[in-house]
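Feature annotations, reproduced from Swiss-Prot:
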ACT_SITE  Cys396  active site, nucleophile
ACT_SITE  His446  active site, proton acceptor
COMPBIAS  160-169  compositional bias 'Low complexity'
COMPBIAS  273-282  compositional bias 'Low complexity'
COMPBIAS  289-367  compositional bias 'Low complexity'
DOMAIN    28-71  domain 'LysM 1'
DOMAIN    201-244  domain 'LysM 2'
DOMAIN    366-484  domain 'NlpC/P60'
REGION    311-355  region '19 X 2 AA tandem repeats of T-N'
SIGNAL    1-27  signal peptide
Amino acid sequence: MNMKKATIAATAGIAVTAFAAPTIASASTVVVEAGDTLWGIAQSKGTTVDAIKKANNLTTDKIVPGQKLQVNNEVAAAEKTEKSVSATWLNVRSGAGVDNSIITSIKGGTKVTVETTESNGWHKITYNDGKTGFVNGKYLTDKAVSTPVAPTQEVKKETTTQQAAPAAETKTEVKQTTQATTPAPKVAETKETPVVDQNATTHAVKSGDTIWALSVKYGVSVQDIMSWNNLSSSSIYVGQKLAIKQTANTATPKAEVKTEAPAAEKQAAPVVKENTNTNTATTEKKETATQQQTAPKAPTEAAKPAPAPSTNTNANKTNTNTNTNTNTNNTNTNTPSKNTNTNSNTNTNTNSNTNANQGSSNNNSNSSASAIIAEAQKHLGKAYSWGGNGPTTFDCSGYTKYVFAKAGISLPRTSGAQYASTTRISESQAKPGDLVFFDYGSGISHVGIYVGNGQMINAQDNGVKYDNIHGSGWGKYLVGFGRV
């Protein structure tokens, strides 16, 4: 009798345990096809990217066609997960996506609690003792241990406690976090909202400022800021006033075009005619009557050569040499004036057109580079996916191809083909808008867009972001630069 009771009690206990346990996910195998992403698979299977990565021991979001993945059809019971920030600074937004406003930025290494995971891979987190917001899950590490979801009543108590907290406690929190977090919002916000201070003409350097950060904030290049302020290096100091007016960059090219090309075109024709006609008038006395029939035109035009020396003085060096050679030919030989005029005009026009075209080429090059950098910055924070062509997700060469296409420039699809299609340049020659290439050991395998000062924007495992081309993980794979 006692054995029966024990058996019944044990069976009942097992039944109760089964009904009380969290929902057990049923696993299925998915074979990756071309174009698949972890996020897309997670959506179709009703699970999360983190769950797939944990089930398959994945450390990145990279997957390849033919790869088999174990995928849970149902997400396990809700749980809170403690994670750490892997980025140097991480923007916290009011909603799940880069289109939402930035609340603040938190420093790398900060521990946060993941409350929920959205379908696009973003997490709702709790940080700084109860504050909430949304971050891109790619910038969080999975080192912390998961903890069960707290009961609803306890969550309400925590919220109430924060709202009714005494002023003294609030002041203490501010003092403890001010030094660590004050510079963060400036750097993070200026990367994505550069138009805020666009009308400013100068900037007083504050603690934590860098030339690169200021270039992003005001929408100008690092080279422009250094040029406008006669800086020979990127070192700046607190209190220093820097010129950051963007329109100053367009003044110089226009002045060069106006002073070189038009001046040569206006002065070329009069100089040749005056010199040639003077020689004709000198020799007509020695020629036959047949030649003198053309002389009546000479007195009218011969009165003009007097100002010629001052006119030639204002011309550029190329025109002065041309006129001297023409006069020598006319003195020594009786070369017809038509031939002399033809040769002089040809030389002068060639020089003028060359100068004008060079100025135009420089303007077009600067305009294209600015358009490329502006377009590249629009996609900061977007997710990486193998084979991604944009505009929501990218891989490295898909990103560069998309950005350049928006600027009206066509690139091949792969990083290797893009490398082959560019002109090789040295790092000292590289300018913002050039491409920078890397080789992991099997040929060109990564490409980014150079923005100057040793920085690039690229689509990598952690999404579209800025990276130091000589930094850890990049410098040893750097191949070089290419110009389209």
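Placed from the backbone N, Cα and C atoms, the Cβ positions cover glycine too.
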DSSP residue counts for the domain 'LysM 2' (201-244), split into helix, strand and coil:
15 helix, 6 strand, 23 coil
Can at least 3 Cβ pairs under 8 A be found between the domain 'LysM 2' (201-244) and the domain 'LysM 1' (28-71), with each pair 6 or more apart in sequence?
no
Within 10 Å of the Cβ of His446 (active site, proton acceptor), how many other Cβ atoms can be counted across all chains shown?
20
Considering every residue in the domain 'LysM 2' (201-244), what is the mean pLDDT value?
82
DSSP on His446 (active site, proton acceptor), three-state: which is it?
strand
Give me the DSSP three-state residue breakdown of the domain 'LysM 1' (28-71), ordered helix, strand, coil.
15 helix, 8 strand, 21 coil
What's the CA to CA span in angstrom from Cys396 (active site, nucleophile) over to His446 (active site, proton acceptor)?
6
Look up Cys396 (active site, nucleophile) in the DSSP assignment and report helix, strand or coil.
helix
